Amino acid sequence: MVRKLLAHWAVKSKAALLCVLSAGAQTEMKRVVGDNATLPCHHQFWQSNAQSLDIEWLLQKPNLKQKVIITFFAGHVYTNEASLPSLPPSRLSFAGDYLNGDASLLIGDLLLADSGEYHCKVKTGGKYQWSQVNLIVLAASEEQSARLSAHSKPPYSITEP
């Protein structure tokens with residue numbers, strides 16, 4: 001029954017199905033203050049005309065409006081670093097060959113304020129691809145204690161029969 005409903009829905013709304021199928025996985029990434037972070041975003045629109053390709057990275061912080069922080073549009077890269085005080089110039093760029101499928105975002109010299117939910121949106125014509133990365137920036141002391149707690153084993157007790 002479910003398959004029949006999905007098949008019927010797919011026939012009725014191919015465009016909506018394409019958007020759903022193009023949604024990327026959600027990723028959580030932990031990094032330490034001062035490190036660089038490369039947030040992954042890959043697309044399959046490299047065969048398209050670069051003039052119709054649109055890439056946006058958006059940042060969503062709790063209780064704040066989502067902001068576009070870098071975009072590729074009409075053959076040019078634009079950054080909106082002025083609206084993000086935690087991102088001085090040159091800390092934000094595309095990490096890969098965004099025209100050929102790698103629209104990953106590079107954030108240099110991380111600050112605690114860089115933590116947030118990052119969304120990559122790639123579109124060309126009527127086709128879209130989305131991916132999401134939750135970036136958690138830790139102070140060096142937090143990272144060390146997180147690593148220790150993740151690798152510690154529970155105590156064992158040995159009894160003889």
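Positions of Cβ are set from backbone N, Cα and C atoms, glycine also.
What TrEMBL lists as signal peptide is 1-25.
Summarising the annotation, TrEMBL assigns domain 'Ig-like' to 34-149. Per-residue confidence over the domain 'Ig-like' (34-149) averages out at a pLDDT of 85.
Across the range of the domain 'Ig-like' (34-149), the DSSP-based residue counts are 22 helix, 51 strand, 43 coil.
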